[in-house]
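Structure first, then comments.
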Amino acid sequence: MIAFIVLLSLAAVLQQSSGTVDFASESSNKKDYRKEIVDKHNALRRSVKPTARNMLQMEWNSHAAQNAKRWADRCTFAHSPPHTRTVGQLRCGENIFMSSQPFAWSGVVQAWYDEVKKFVYGIGAKPPGSVIGHYTQVVWYKSHLLGCASAKCSSTKYLYVCQYCPAGNIRGSIATPYKSGPTCGDCPSACVNGLCTNPCKYEDAFTNCNELAKETKCKTEWIKSKCPATCFCHTEII
């Protein structure tokens with residue numbers, strides 16, 4: 001059976017399906033499938049080539065899942081407004097998948113990851129212009145909070161949404177979604193099954209916080225408020 005599958009943003013393909021699944025049984029509201037989604041992401045994250053020295057372990061986040069569900073239920077094949085994709089102070093990224101028939105969540109996540117076929121670490125999309133953003137979000141080292149949801153939009157349309165916090169796909173860094181090196185090289189004392197478990201709870205407001213922190217030694221309240229990750233997270237993954 002041929003299933004029409006679309007992955008936001010620009011990819012549209014016809015793909016042979018291995019068979020339909022019961023949509024209700026694949027609901028992301030069920031605890032077993034939440035575990036399936038998280039485990040699939042973590043399995044893919046620990047299998048990246050080249051290996052990653054700073055890849056964080058993902059965990060389920062109910063707030064991100066609620067945000068994903070609200071958007072999935074609107075059955076709009078477009079990204080949700082960025083201001084609706086937040087968990088606390090964290091801004092979240094988003095992957096979207098649409099199919100003409102229900103898919104197992106592991107298959108949805110694998111479809112996003114498979115964009116790796118057109119990705120070269122350190123270079124980016126190859127050939128240039130290829131869609132790789134779903135893959136890079138799945139393996140973005142810093143994204144460690146995950147929430148997903150799905151919706152049956154009609155008899156021929158199923159929408160799957162995952163949100164990732166903090167957001168990946170930072171401009172200028174797409175070609176290096178993680179730091180290559182020995183597995184868990186940046187978290188030797190906080191490594192579980194090849195993934196780091198020590199995320200920094202803060203997020204810097206600026207990309208040049210390292211330079212600012214060196215200049216001020218984090219002694220001003222302004223620097224502490226704008227560069228809290230750099231100032232306070234010395235052993236955690238930033």
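Cβ coordinates come from backbone N, Cα and C, glycine included.
Feature annotations, courtesy of Swiss-Prot:
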type	residues	note
SIGNAL	1-19	signal peptide
DOMAIN	38-164	domain 'SCP'
DISULFID	CYS75-CYS153	disulfide bond
DISULFID	CYS92-CYS165	disulfide bond
DISULFID	CYS148-CYS162	disulfide bond
DISULFID	CYS184-CYS191	disulfide bond
DISULFID	CYS187-CYS196	disulfide bond
DISULFID	CYS200-CYS233	disulfide bond
DOMAIN	200-233	domain 'ShKT'
DISULFID	CYS209-CYS227	disulfide bond
DISULFID	CYS218-CYS231	disulfide bond
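Swiss-Prot feature annotations superimposed on the structure.
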residue: CYS75; record: disulfide bond; contacts (Cβ under 8 Å, 6+ apart): ALA151, CYS153, SER154, LYS157, LEU159
residue: CYS162; record: disulfide bond; contacts (Cβ under 8 Å, 6+ apart): ILE37, ALA68, GLU94, ASN95, VAL109, LEU146, GLY147, CYS148
residue: CYS165; record: disulfide bond; contacts (Cβ under 8 Å, 6+ apart): ASN61, ALA64, THR86, VAL87, LEU90, ARG91, CYS92, GLY93, SER143, HIS144, LEU145, LEU146, GLY147
residue: CYS187; record: disulfide bond; contacts (Cβ under 8 Å, 6+ apart): ASN54, CYS196, THR197, ASN198, ILE237
residue: CYS191; record: disulfide bond; contacts (Cβ under 8 Å, 6+ apart): THR183, CYS184, THR197
residue: CYS218; record: disulfide bond; contacts (Cβ under 8 Å, 6+ apart): LYS224, CYS227, THR230, CYS231
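Among residues of the same chain six or more beyond the domain 'ShKT' (200-233), those with a C-beta under 8 A of the stretch's C-beta atoms are 89-90, 166. Secondary structure at CYS231 (disulfide bond), taken from DSSP and collapsed to helix, strand or coil, is helix. Across the structure, CYS209 (disulfide bond) and CYS233 (disulfide bond) place their CA atoms 12 angstrom apart. The disulfide-bonded residues in question are CYS148, CYS153, CYS200, CYS227, CYS231, and the one with the fewest Cβ neighbours inside 10 Å is CYS153. When DSSP labels each residue, the domain 'SCP' (38-164) comes out as 43 helix, 37 strand, 47 coil, counted as helix, strand and coil in that order. CYS184 (disulfide bond): 22 other CB atoms within 10 A of its CB, across all protein chains. In this model, the domain 'ShKT' (200-233) carries an average pLDDT of 95.
Under the DSSP three-state reduction, CYS209 (disulfide bond) is assigned to helix. Remark: CYS233 (disulfide bond) has CYS200, LYS201, TYR202 as non-local neighbours, by Cβ distance under 8 Å and separation of at least 6 in sequence. According to DSSP, CYS184 (disulfide bond) sits in a coil region rather than a helix or strand.
With the fewest other C-beta atoms within 10 Å around its C-beta, CYS209 stands out among the disulfide-bonded residues CYS92, CYS196, CYS209.
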